[in-house]
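Visitor: Okay, here's the structure, questions in a sec.
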């Protein structure tokens, strides 16, 4: 008879979880700005904000109606009613100052004399012009979508809204005669949170120089844009400060389980997926201190705005952070008065106290339009 061989079949051993197993390093190379496998729904918050900004700008240009109100003295006339004000009036290809006032821009007169605090919220959705809109939203898309994919829509949405609102509060403290829009405050909030998120997760990221370089480049471009009329740089500074504090509170760890392996992008990761790593990323003391600081500065800004504090009285040079005067545009920081004279179907507008004047080949101007022209001629 053939010899029988017994083979012992052992059942598979259950996985054994230990601290040593948790400390094993899993190498992942995940890049932040080339995430082709990430789901579209991971960026719905930033996409919604971008759409709302575009709709608000289209509505602003529709109300502006340069074709009618400025007697077709417009830039890019082929757009008809949506044409922009001439470049000598708005170098950013946008509406008139009176239209920005009508749409809810921040203005010292309306807040101090008429107590229109609702402008703190409406100014967040306005842009000074098409150039401002394109640069601002391009930066928001570049930074915001990837931050949202990295840390989730809820956290980034909170950073966006709170930074925009805090930026408008800071801008109110430095307001002057010219209308100001604070839509860029949200962008600088994203940049601030990006910086604090990088600091919080410093040991996780490998390509820190690229991250800081991109942050600096976007910030410099948009801050330089804030030196032009109507774009408020104080809202940018306020948004950045709140973004840094909120980033320490909310962006304490990236969404590690949802990251795909070996994808390209902005931050390179060498991730140690373990309980210890997550504990290191979660710094309760830093988060608590940052939360308290944000609450204090937010409450302080609200109290200062409600009491009508004007920071320009304590800082005479601060106006140059927000607008650099030029012979091509006006910062509109002084009260102006003009004299008008009609002759042979022409209207001459002369700035009282100066020799500046301008002759227009038509006479039918609205009162608000004459006010805009007076500010420009007297500047």
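Numbering starts at 1 and runs along the chain as displayed.
Each residue, glycine too, has its Cβ placed from N, Cα and C.
Those TrEMBL annotations? Automatic predictions, nothing curated.
So TrEMBL says this about it:
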type     : residues : note
REGION   : 1-21     : region 'Disordered'
TRANSMEM : 44-63    : transmembrane segment
DOMAIN   : 115-251  : domain 'Peptidase S54 rhomboid'
TRANSMEM : 124-145  : transmembrane segment
TRANSMEM : 157-175  : transmembrane segment
TRANSMEM : 181-202  : transmembrane segment
TRANSMEM : 209-228  : transmembrane segment
TRANSMEM : 234-253  : transmembrane segment
TRANSMEM : 285-309  : transmembrane segment
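Help me picture these features in the structure, burial and contacts included.
Guide: Helix, strand and coil counts under DSSP for the domain 'Peptidase S54 rhomboid' (115-251) come to 103 helix, 4 strand, 30 coil.
Beyond the transmembrane segment (124-145), the same-chain residues lying 6 or more positions past its ends with a Cβ under 8 Å from any Cβ of the stretch are 33, 43, 46-47, 49-50, 52-54, 56-57, 60, 84, 90-95, 100, 103-105, 156, 160, 164-165, 167-168, 181-187, 190-191, 194, 215, 218, 221-222, 225, 228-231.
Within its own chain, the transmembrane segment (181-202) is flanked in space by residues 49, 53, 100, 105-106, 123-128, 132, 136, 139-140, 143-144, 147, 150-151, 156, 159-164, 166-168, 171, 208, 211-212, 215, 218-219, 222, 225-226, 230-232, 235-248, 250-254, 267, 281, 283, 286, 290, which lie at least six positions past its ends and keep a Cβ under 8 Å from the stretch.
Beyond the transmembrane segment (209-228), the same-chain residues lying 6 or more positions past its ends with a Cβ under 8 Å from any Cβ of the stretch are 32, 91-92, 128, 131-132, 135-136, 139, 142-143, 184, 187-188, 191, 194-195, 198, 236, 240, 266-267, 322-324, 329.
Here the transmembrane segment (285-309) has Cβ contacts under 8 Å with residues 111-112, 117, 120, 162, 166, 169-170, 172-173, 196, 200, 238, 241-242, 245-246, 248-249, 252 of the same chain, all six or more residues outside its ends.
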Visitor: Over the domain 'Peptidase S54 rhomboid' (115-251), work out the mean pLDDT and round it to an integer.
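Guide: A mean pLDDT of 91 is what the predicted model shows over the domain 'Peptidase S54 rhomboid' (115-251).
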